[in-house]
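Notes follow the structure.
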Amino acid sequence: MSPRILPFIMVLAAMAMVPLVSTSPFYVNLTSQVAIAAIGALGLNVLVGHAGLNSLGFAVFPGLTAYLVAWLSTVGGFDPVPAALLAIGGTLAASMLFALVALRTTGLGFVMITMALCQIVWGAAYRWTSVTGGDNGLSGVPRPGGAVLPLERPEWFLWLCLCVLALALLQLGRFFDSPLGVALRGTRDQPRRMSAVGYDVWRIRFVAWMLAAGWGAAAGLLYAWYHQFVSPHMMAVTASAEVLLMVVAGGAGTLAGPLIGAALVVLLKNLASIWIDRWMMLLGVTFVVIVLLMPDGIVPGLGRLTAWLRRFRPAPAPALVPRERTDG
Amino acid sequence: MAFWISQSLNALALGGLLFMLASGFSLIFGLMRVANLAHGALFMLGAYLGLAVVKAGFGFWVAAASAAVAVGLFGGVLERTLLRRLAGRTLPQVLLTLGLAFIIADACLMLWGGDPMRLPPPPELSGAVRIGDAVFPRYRLFVIGASAAVALGLWLLVERTRAGAMIRAAVDDVGMARAIGVSASTLFTAVFCLGTALAGLGGVIGGPILSVYPTLDQDMLPLALLVVILGGAGSLIGAFVGAYAIGFIYTFGQVLVPDLAYVILFLPMIAVLSVAPQGLFGRRLG
Amino acid sequence: MAEPALHIAGLSKQFGGLPAVSDVSLAIMPGERHLLLGPNGAGKTTLFNLICGDLAPTLGSIRLFGAELVGLPPRKRTAFGLARTYQILTLFPHETICRNVMLALNGLKAGKWGTWRAFEANRALRAEAMAILDRVRLADLADRPVSQTAYGDRRRLEIAMALALSPRVLLLDEPLAGLSRDERVTVQDLLANLPPDVTVVLIEHDMDVALAFAERITLLHHGRVVATGSRAEIAADPRTREVYLGA
């Protein structure tokens, strides 16, 4: 186990040390953005990488939580922490209802229905102006904390994000190796056999859906606290597509993939906003390039590369290439 | 009474536009198992191309025809060069068509700017007619008629011609269709051209009603998906019923409960899915 | 007379008006070795799919030791002691052979819902899986991913997956399909050594193996039962020749 978790500890530690190295809040905030995006991408990876369910509406989970916590802690008058708990609870409850609709299909049907479900909530946020503020969104979302935990300061907020990210990596890392994690990939590859040997395929997928919803909600909460502002754009099709790109670019079905993908997309997006202001175009081109050149993502791609390099050295055993299905 | 008549006519016009958009999506889906997420962007591209042709001094009809042909050819090229490599792989296809949608949308924004623009209807169809107490734009009546004509034409093509028989055979079973001598390769490209041309045509026809603006694609694609989920993928009848149902629900929803119209739009989808996951007239989506 | 292990009565399945299985009735006794015979398209695999619950019948009843199966999902039927193999290999290609069997073993255990302890760490489950792999002569390859095994090994794994459920009634769909002569012998031995109390229903086109194995035979044609009887009766029945050689 330890050789596997060591790289993750090193990466998290390096991210945590950014505030000690850089005095500029820009890099600290950028690191927070990567951490938040990675938590969301890890959640989506449960569906895309392990359940074989390609969701194009993942942004609904962080979006719902962000809107709920924003509304509760501004209009609703709740303190940040109770508002957060209620928001996550509300998102999980809504996610159960969504599961009843979305999990009736798989394959392309699932793609379209998850997109439609996200669109419903986007529509409510965008059009139900009296409650959600419409296109202007809700601003002035307070961060929790105080003297002991000054979360209004960028470095402390980063450390909170990294704690949640570490928790997500730990929980999902254990889950993917657990009996249910193995069974989940079983329902991805051979649902018929799974059901024939006694598994409840629907319930296994439901657990995966709720796990994705839970980590999506965590990401949404941190997102709302980070920006202290929510708007319908965080539930637009592009937002869901960005998370999907993180998962696929990094490597669906791997634990490190979403982390690498999140860093890639967040950095790309920030660079684009500084220099070229054509994020949509860049996002589109990245999709096309990834699909055509690196369909399995960076992590399996690197795995294949090292295996290929090893062939030029006298190796005692052929390297096993970790390869996960990315198509549905 | 006048309210109901004119809103019903609006609903029929919107339903007709949605049919032009969704029927192509549905045919492509049924035949090739591809959810073409660039379909909304191609609709918008058609609208912008039509606008450019009109602005260049050609008439509306030339604009409609040339946008349909151009978008159809563009779709054919996409199918031949890119989509074809990914046959049978769901996630890469989804990502590719989505990526193309973003590229097309951003290119339109780059070329034509961010301001909404109005595509003027042809002069012979401007003005209004009186129906009972209601006054109704003549152009919308034309849209109702034109989309019905497209629906009829598509139906005749699929049900009454040899090409249509091939499409139906291939929708049922591509392997079987190949065995009896249907060239799936040509058929796929042809249907992709047809489907995307319909989207382009829909963009121009819809231009005078919807106007032309940068996020038109993001507004139209979810509606097309809804129609297809509701009616069932691969079914022309399903697209027809779904398109007009959505047209009515959206039109009346917007008038009666403007805040929540968009949310209400999705209720029939949820109702249908809980009874028939494959949609009203479709096969299984999985 | 004892209660049949598997009792099918008036079972029919239509696909869009076309009958695939019509009014099939069968009574298979505990411990019986029963062969389903018939040309391609006779409805044999459809019958298996109906028994296992992958398909819902249009009409009829299926009882396993007296308990009605129609209306139950496949996983509940498995809990009653039903297991099957597939004609088209249905394995988990990314997992090792051993983990395939462990996954099948876990299907009826409460431990399958665990989300924290590693699957691999379950020593008892692994030992159980190894015992089954020993029976199908795959213990040597236990830790090899399925994607790197030979076709013959996969065929035997297919059987191991069903054995993992300790079935009372075992449905085998062409367990010898595509195997070499040597491999056939291995599987034939394996079938011969199945516990005598397990009821086995077999679909197989290799007549030498099938006839050596089965005591009773049902002849299906166009989704209907043409004849049921002992090996000798079916061999002597003129309709057998008719189904295979005639129209």
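The backbone N, Cα and C atoms fix where each Cβ goes, glycine too.
Per TrEMBL, transmembrane segment is recorded for B:12-30, B:60-78, B:90-112, B:139-158, B:179-205, B:225-253, B:260-281.
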Maximum Cβ pairs under 8 Å to the transmembrane segment (B:60-78) - stretch from the list B:12-30, B:179-205, B:225-253: B:179-205
Chain residues outside the transmembrane segment (B:12-30) and at least six past its termini with a C-beta under 8 angstroms from it: 36, 39-40, 43, 140, 143-144, 146-148, 150-151, 154, 167, 171, 191-192, 194-199, 201-202, 205-206, 209-210, 220, 223-225, 227-228, 231, 233-236, 238-240, 242-248, 250-251, 283
For the transmembrane segment (B:179-205): best-contacting stretch of B:90-112, B:139-158, B:225-253, by Cβ pairs under 8 Å: B:139-158
Residues of the parent chain within Cβ reach of the transmembrane segment (B:139-158), under 8 Å, 6 or more residues beyond its termini: 9-10, 12-13, 15-17, 19-20, 23, 121-122, 125-126, 129, 164, 167-168, 198, 201, 205-206, 208-209, 236, 240
